[in-house]
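Asker: One structure, as structure tokens, below. Some questions next.
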Amino acid sequence: MLNFTDVTEFILLGLTSYREWQVLFFVIFLMVYIITMVGNIGVIALIKISPQLNSPMYFFLSHLSFVDVWFSSNVTPKLLENLLSETKTISYAGCLIQCFFFIALVHVEIFILAVMAFDRYMAIGNPLLYSSKMSRVVCMRLICFPYIYGFLTSLAATLWTYGLYFCGKIEINHFYCADPPLIKMACAGTFVKEYTMLILAGINFTYSLIVIIISYIFILIAILRMRSAEGRRKAFSTCGSHLTAVIIFYGTLIFMYLRRPTEESVEQGKMVAVFYTTVIPMLNPIIYTLRNKDVKEAMNKVINRKS
């Protein structure tokens with residue numbers, strides 16, 4: 001029986017074994033990755049240099065874009081490399097590191113989304129007290145929690161991954177090192193890892209979702225009390241982008257991690273994983289800027305200034 005540390009490398013089976021499809025996927029994912037980098041880094045830079053975007057909402061949005069940059073960079077470069085490579089391998093150390101950052105960044109993102117929902121409640125429900133309640137110090141404390149908690153949770157989860165045993169089979173039915181296919185592939189040590197994965201995912205997804213749901217219940221109550229139709233429209237517009245991002249991100253993650261790893265669920269999860277590791281980080285800047293008047297005005301000012 002091989003221990004995880006006795007395995008020198010794993011083989012990532014990837015998305016397909018057909019060479020023609022691999023070349024096509026390489027072109028598609030390379031374009032998606034470039035758009036993701038440009039979009040998210042652009043949002044971060046725009047928020048940094050634009051005085052009119054100097055508010056808690058955009059402070060949290062810049063951190064969401066920052067996490068999306070690393071989230072995509074943790075998976076996509078290796079995916080692109082293996083699409084053109086004959087070997088398609090990843091070292092066991094590289095696999096552990098990829099697992100660690102993936103789990104950490106997922107938890108950071110779900111709690112940033114929860115913090116953003118709370119921020120929207122404070123802005124819409126208590127507009128007169130918003131500036132004093134959501135001070136710079138409060139924002140820093142709120143944003144520190146997702147990073148600290150996410151990376152500590154990931155450290156514990158990665159150590160449980162290290163406790164898996166493999167009986168010679170080193171082919172991972174995925175395009176990155178994910179927990180479900182690793183659990184399915186392992187021959188011992190899976191009980192603790194499988195149930196801690198389900199429990200951690202269940203608790204953290206549920207807790208962050210509860211924060212979001214409660215925040216939006218109070219937001220809805222505050223909107224219904226508004227007398228101004230313009231105020232209601234603006235409030236719904238502001239919350240619409242965040243709700244879209246929440247539904248897409250949570251929906252795909254719940255489909256992936258709140259099911260027991262089986263051959264069928266791993267195969268389905270691989271297709272879903274394409275969406276939340278590559279497409280969602282690309283979509284977030286579009287979702288948050290497409291209908292946002294403040295961001296559009298800031299972009300126009302920057303463009304005019306450069307012109």
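Using N, Cα and C of the backbone, Cβ positions are placed for all residues, glycine too.
Curation does not apply to TrEMBL; its annotations are automatic.
Grabbed the feature section from TrEMBL, which reads as follows:
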type     : residues : note
DOMAIN   : 39-288   : domain 'G-protein coupled receptors family 1 profile'
TRANSMEM : 23-46    : transmembrane segment
TRANSMEM : 91-118   : transmembrane segment
TRANSMEM : 138-160  : transmembrane segment
TRANSMEM : 198-223  : transmembrane segment
TRANSMEM : 235-258  : transmembrane segment
TRANSMEM : 270-290  : transmembrane segment
Asker: Against which stretches of its own chain does the transmembrane segment (198-223) lie, if we need a Cβ under 8 Å and a gap of at least six residues from its ends?
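Answerer: For the transmembrane segment (198-223), the list is 107, 110-111, 113-114, 117-118, 120-121, 124-125, 153, 156-157, 232, 235-236, 239, 243, 246, 250, 253-254, 257-258, 260.
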Asker: Take the transmembrane segment (270-290) and find every residue of the same chain, 6 or more past its ends, with a Cβ under 8 Å from one of its Cβ atoms.
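Answerer: Apart from its flanks, the transmembrane segment (270-290) reaches 15, 29, 32-33, 35-36, 39-40, 42-43, 61, 64-65, 68-69, 71-72, 75-76, 79, 173-176, 178, 181, 241-242, 244-245, 248-249, 252-253, 255-256, 296, 299.
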Asker: To what whole number does the mean pLDDT across the domain 'G-protein coupled receptors family 1 profile' (39-288) round?
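Answerer: In the predicted model, the domain 'G-protein coupled receptors family 1 profile' (39-288) has a mean pLDDT of 85.
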